Amino acid sequence: MPSYTVTVATGSQWFAGTDDYIYLSLIGSAGCSEKHLLDKAFYNDFERGAVDSYDVTVDEELGEIQLVRIEKRKYWLHDDWYLKYITLKTPTDYIEFPCYRWITGEGEIVLRDGRAKLARDDQIHILKQHRRKELEARQKQYRWMEWNPGFPLSIDAKCHKDLPRDIQFDSEKGVDFVLNYSKAMENLFINRFMHMFQSSWNDFADFEKIFVKISNTISERVKNHWQEDLMFGYQFLNGCNPVLIKRCRELPQKLPVTTEMVECSLERHLSLEQEVQEGNIFIVDYELLDGIDANKTDPCTHQFLAAPICLLYKNLANKIVPIAIQLNQAPGEKNPIFLPSDAKYDWLLAKIWVRSSDFHVHQTITHLLCTHLVSEVFGIAMYRQLPAVHPIFKLLVAHVRFTIAINTKAREQLICEYGLFDKANATGGGGHVQMVQRAVQDLTYSSLCFPEAIKARGMDSTEDIPYYFYRDDGLLVWEAIQSFTSEVVSIYYEDDQVVMEDQELQDFVKDVYVYGMRGRKASGFPKSIKSREKLSEYLTVVIFTASAQHAAVNFGQYDWCSWIPNAPPTMRAPPATAKGVVTIEQIVATLPDRGRSCWHLGAVWALSQFQENELFLGMYPEEHFIEKPVKEAMTRFRKNLEAIVNVIAERNKNKKLPYYYLSPDRIPNSVAI
């Protein structure tokens with residue numbers, strides 16, 4: 001009678017263990033065993049973090065083991081169990097069966113060995129059937145839903161507990177936005193102000209009552225220098241929204257600025273048109289905000305939005321500084337162009353309006369749409385179309401970890417009607433929805449390809465723009481990811497023909513196009529992939545968006561937005577329509593009140609924190625891959641990332657404003673906050 005040694009590993013997260021009965025069946029090429037109860041006398045099996053071994057003897061020859069079936073039956077109360085993996089020592093072999101899934105209720109799970117396989121590799125009927133049944137079950141669990149008209153489709157779940165257990169957070173309490181924001185305000189000692197809506201601050205210094213002063217930090221430097229043009233310009237390159245600035249190839253007609261108006265800012269003694277031709281003029285246009293409805297959820301507080309155009313100049317020191325700001329799109333007598341030569345407070349308020357507009361576009365488009373929602377689309381499509389044995393599933397699963405869950409919590413508490421977003425933001429109350437609906441029309445595949453996106457904005461020259469660290473570090477990380485994905489692709493796809501014939505892969509790509517991009521041809525998202533090179537690029541887009549891009553635009557929020565005048569989430573008076581009338585009192589009365597300031601501060605603090613036990617780029621503790629060539633590729637990937645960490649650390653030495661958001665040791669694997 002054949003005898004097997006079965007090793008069972010239970011997860012180490014909270015509540016991973018179980019007291020339920022666990023049964024195991026072995027399915028081989030020659031037959032299926034009876035189910036065996038895995039139990040040791042006087043021993044507490046399947047405790048959290050435990051690795052337990054059992055001897056299993058079967059009555060007949062099973063042939064080569066193909067599958068392992070695990071069944072969980074209730075002992076007292078239903079007790080979910082997180083199974084990491086099973087190993088099987090047979091008379092002639094040693095087989096690993098990765099799982100990394102929850103078994104809930106009176107459930108069962110059927111596992112394949114850990115070798116990654118394309119559909120063409122499965123010749124045995126039982127394996128083909130297992131593959132098909134897994135996808136059929138997943139497609140019933142992971143359903144598309146339209147949360148708002150025009151949005152990329154999201155998961156069909158009203159709240160976190162409705163999600164499949166495998167993609168829920170280990171502890172929902174840890175990602176409760178209401179709890180976390182309130183806790184953040186308590187930790188920042190600002191909760192005494194959190195209900196003081198309609199109560200204005202007295203002056204700029206008064207904002208220090210809610211500012212946590214930590215020496216030698218970016219946030220402190222922002223507080224001390226936020227009014228300076230150099231600091232204003234620097235943020236377009238290396239702040240938390242470094243994706244909008246582009247080289248100005250032609251002055252737009254809607255911004256009728258002349259050489260005479262900006263002459264005192266031009267250091268090369270050239271006309272404005274000549275500076276444009278020389279490539280020294282840059283522009284940031286917030287046209288997306290034009291006509292967006294401002295927040296009206298609080299009848300006691302009027303809130304306002306602008307749609308500014310900001311012209312910037314590269315001076316002789318190669319630094320970017322603002323030279324002209326128009327606060328709305330249509331030129332006219334009541335929409336003056338503000339200049340550095342204007343009265344101090346005229347110019348300052350114009351810059352504050354730009355910073356406020358930048359905050360809105362950052363939160364809703366750069367952050368929410370282009371990382372969170374896009375990554376969720378990739379995640380849902382992956383679960384629907386790629387079985388766990390598929391190499392692309394094994395590659396991507398770490399990079400969609402908790403993404404669907406965090407987005408579901410956001411729809412439940414944060415960006416829903418009367419959610420937390422409405423409390424402090426001028427684009428709350430529906431404006432943020434309008435913004436996404438507009439921006440989706442311009443979302444393209446090439447905008448997610450980092451090198452292409454940088455080049456399209458004319459920002460690719462390191463000689464012309466030497467202080468664009470977001471670009472420099474992003475390209476290093478992109479190249480490291482692309483090198484890694486190319487290696488993995490070459491292991492499983494020997495030529496382009498294999499890529500084209502992988503129907504599961506093609507269905508995954510098609511799902512993203514049809515449901516994520518809503519079948520919009522102008523998006524440029526591929527409907528299919530026809531080469532190994534294009535597959536590697538596509539996988540790099542998925543991983544880079546979920547990891548590096550999200551890190552770049554998320555984890556600097558407290559640094560750059562905690563000083564309220566530098567990133568006001570709302571404005572309580574409309575943009576100035578004339579020059580020479582702005583006073584310091586008017587600026588303070590325009591900035592957010594005490595209550596909204598506190599909710600904003602709690603939000604940017606909470607969103608900027610890493611998760612407990614965060615997994616950073618290159619960390620793959622769940623061993624979905626067992627093959628040596630892939631593990632060697634992972635090792636090379638980690639070494640490349642470590643080299644990038646060292647390059648960035650060396651550059652940042654002695655810098656007053658270090659840029660570290662794209663250092664791989666600070667880039668989480670996935671969008672999970």
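Glycine is no exception: its Cβ is also placed from the backbone N, Cα and C atoms.
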Note: Swiss-Prot has D79, D80 binding Ca(2+) 1, and from G17, G28, G31 that site also includes G17
Quick check on the annotation: Swiss-Prot has H367, H372, H550, N554 binding Fe cation, so which of I167, I218, I245, I673 does it put in that site too?
I673
Collapsed DSSP category at G17 (Ca(2+) 1 binding site):
coil
The rounded CA-CA distance in Å from D79 (Ca(2+) 1 binding site) to I673 (Fe cation binding site) is 28
Excluding its own, the Cβ atoms lying within 10 Å of the Cβ of T18 (Ca(2+) 2 binding site) add up to 21
Those residues of the chain, 6+ apart, with a Cβ under 8 Å from that of S523 (phosphoserine)
L443, T444, Y445, Y513, M517
Where does S271 (phosphoserine) sit by DSSP, helix, strand or coil?
coil
For H367 (Fe cation binding site), nearby residues of its own chain (Cβ under 8 Å, 6 or more apart in sequence):
H550, V553, N554
Work out the three-state DSSP category of I103 (site 'Essential for stabilizing binding to COTL1').
strand
Going by C-alpha distance, which of the recorded positions E47, S271, I673 is nearest to G17 (Ca(2+) 1 binding site)?
E47
